[in-house]
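Taken verbatim from Swiss-Prot:
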{"type": "REGION", "residues": "1-96", "note": "region 'Disordered'"}
{"type": "COMPBIAS", "residues": "8-30", "note": "compositional bias 'Basic and acidic residues'"}
{"type": "COMPBIAS", "residues": "31-53", "note": "compositional bias 'Basic residues'"}
{"type": "COMPBIAS", "residues": "54-63", "note": "compositional bias 'Basic and acidic residues'"}
{"type": "COMPBIAS", "residues": "82-92", "note": "compositional bias 'Low complexity'"}
{"type": "MOTIF", "residues": "131-157", "note": "motif 'Q motif'"}
{"type": "DOMAIN", "residues": "160-330", "note": "domain 'Helicase ATP-binding'"}
{"type": "BINDING", "residues": "Ala173, Glu174, Thr175, Gly176, Ser177, Gly178, Lys179, Thr180", "note": "ATP binding site"}
{"type": "MOTIF", "residues": "278-281", "note": "motif 'DEAD box'"}
{"type": "DOMAIN", "residues": "359-504", "note": "domain 'Helicase C-terminal'"}
Amino acid sequence: MGSKRKHESGDVEVKKPKHDNEVKGKEKKEKKEKKEKKEKKEKKEKKEKKEKKEKKEKNEKKEKKEKKAKKEKTEETEETDSTVSTVSSSSSGYTQAAELTALPQSEIDEFLQTNEVTVEDPHKLGFRPILSFDHVQLQSKIAPIVTKFPKPTPIQSASWPYLLNGDDVVGVAETGSGKTFAFGVPAINNIITDNKKGLRVLCISPTRELALQIYDNLTMLTKNCGLTCVAIYGGVPKDQQIKAVKTASVVVATPGRLVDLLNDGAVDLSTIDYLVLDEADRMLEKGFEEDIKNIIGCTNKQRQTLMFTATWPKEVRELAATFMNKAVKVSIGNRDELAANKRITQTVEVMDPRDKERRLLQLLRQYGSDQKILVFALYKKEATRVEAMLRRSGFNVAAIHGDLSQQQRTSALDSFKRGDSNLLLATDVAARGLDIPNVKVVINLTFPLTVEDYVHRIGRTGRAGQTGIAHTLFTEHEKHLSGALMNVLRGAGQPVPDELLKFGGHTKKKSHSAYGAFFKDVDMTKTAKKIKFE
């Protein structure tokens with residue numbers, strides 16, 4: 001009995017049925033097979049999807065290639081079918097007039113040779129220069145203003161076809177050659193018909209005086225077209241300029257003031273379609289390169305860029321290469337070399353510096369009060385002293401230099417233009433770009449720091465096809481510039497005085513980017529010599 005209870009109450013191991021393990025193994029196997037089947041299906045679908053996508057891309061690529069080939073064939077056919085009476089470009093629809101195309105090539109060659117016109121066209125468009133206003137179709141609101149002039153100037157004739165066509169253009173020509181209308185007419189003409197808002201045309205110039213002059217010329221074009229032109233420059237309060245620029249379509253600005261307005265968030269240049277850099281070489285000389293780069297960076301990347309310059313040095317070439325797209329270069333005369341206007345009679349007198357003011361008074365009385373005379377001093381302090389001397393001598397003189405306010409300078413310039421005063425005294429602030437009509441005589445009281453500035457100074461006379469006189473008082477202090485001056489005189493067919501020849505050839509000073517033209521070039525790798533003081 002006891003043994004039976006022990007058996008009943010003891011631990012007994014209970015084994016699971018065999019068929020339960022088999023069921024579990026079967027389910028696991030089915031689950032695995034199901035998973036593999038699903039993965040296989042997904043892999044197949046993924047492969048089919050990829051093949052379908054590749055097939056679609058292949059077909060699209062094929063269609064695109066066929067479409068391109070068809071388009072090229074069509075264009076080739078159109079070129080073959082086009083008549084020789086016109087030369088056109090599809091970029092903005094400029095079509096060379098049939099009358100211009102009909103002119104004999106000899107007449108075109110004569111114009112190019114007589115005016116020393118050179119066109120470097122990377123697009124090979126082959127546009128002929130516009131010899132008459134009848135050869136160009138301008139908007140009706142602009143044409144009456146332009147046709148008041150007898151005919152286009154050489155820079156206008158050669159550049160207009162490319163500018164109207166929408167190409168980037170570099171114009172290299174002497175000051176007073178009609179450059180403002182060369183870029184102004186195509187720019188205004190091209191924006192009249194569209195309804196785009198905001199600033200459309202931006203012209204950057206190196207000085208306030210030049211900016212105001214360009215503003216006056218462009219206003220002649222914009223006032224009849226329902227467009228507003230404003231001038232932005234330093235020396236006056238910003239408030240009025242900020243207010244005016246909000247409704248403007250055309251802006252003429254000096255780099256410094258424009259950068260100020262950009263930094264203030266007062267002007268938006270993203271809508272600019274036409275960017276003009278006028279007197280580009282002068283702006284680089286004045287150290288505006290970084291400002292120019294900042295300004296250009298704020299404009300529309302699809303803009304048309306125009307650059308006008310009196311000279312074509314390496315720095316200007318590099319600037320053009322950076323910001324312009326396959327620019328057409330139009331040159332009037334040999335602008336790679338420094339050359340003076342051949343219509344100007346140049347006289348150089350070598351003298352004692354102490355005799356200059358006496359000689360100036362003699363020249364002013366000699367040339368009389370019936371013609372406009374422009375006298376150049378080198379520094380503003382000199383200009384102030386000479387102005388006082390001329391007033392004491394009974395001359396009604398107007399003056400523009402750095403010591404005067406912008407209002408005083410503008411008033412003086414206007415007085416000279418109107419003829420209230422026939423004598424203007426200026427420093428080099430007025431030496432470039434200013435279009436002062438009917439200046440007959442330029443007198444260099446003090447020779448400038450460079451022969452380049454000399455050429456720009458005397459370029460104030462002999463403008464727009466007229467003749468002029470340049471009288472220069474030269475001293476021994478400037479003898480290091482005698483050789484370069486003699487080259488300019490000879491190049492323009494002018495006599496070289498014996499006194500100037502006595503200074504001999506010109507040994508060009510070495511120039512350093514940081515230290516200027518008068519530094520001493522030494523080898524910094526050599527050990528310095530010891531100097532003992534007794």
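Placement of Cβ uses the backbone N, Cα and C atoms for every residue, glycine included.
Using a 10 Å Cβ-Cβ cutoff, Lys179 (ATP binding site) registers 29 neighbours.
Each residue of the motif 'DEAD box' (278-281) gets a DSSP state, and the totals for helix, strand and coil are 2 helix, 1 strand, 1 coil. Ranking the binding-site residues Ser177, Thr180 by other CB atoms within 10 A of the CB puts Ser177 at the bottom. Same-chain neighbours of the motif 'Q motif' (131-157): 97, 99-100, 103, 107-108, 111, 115, 117, 164, 171, 173, 177-179, 181-182, 185, 188-189, 192-193, 220-221, 224-225, 330, 332, 464, counting only residues six or more beyond its ends whose CB sits under 8 Å from a CB of the stretch. Ranked by Cβ neighbours within 10 A across all protein chains shown, the binding-site residues Glu174, Gly178 are led by Gly178. Per DSSP, the secondary structure of the domain 'Helicase C-terminal' (359-504) breaks down as 66 helix, 26 strand, 54 coil. When pLDDT is averaged over the motif 'Q motif' (131-157), the result is 91.
When other Cβ atoms within 10 Å of the Cβ of Ala173 (ATP binding site) are tallied across all protein chains shown, the result is 26. Helix, strand and coil residue tallies for the compositional bias 'Basic and acidic residues' (54-63), in that order: 10 helix, 0 strand, 0 coil [DSSP].
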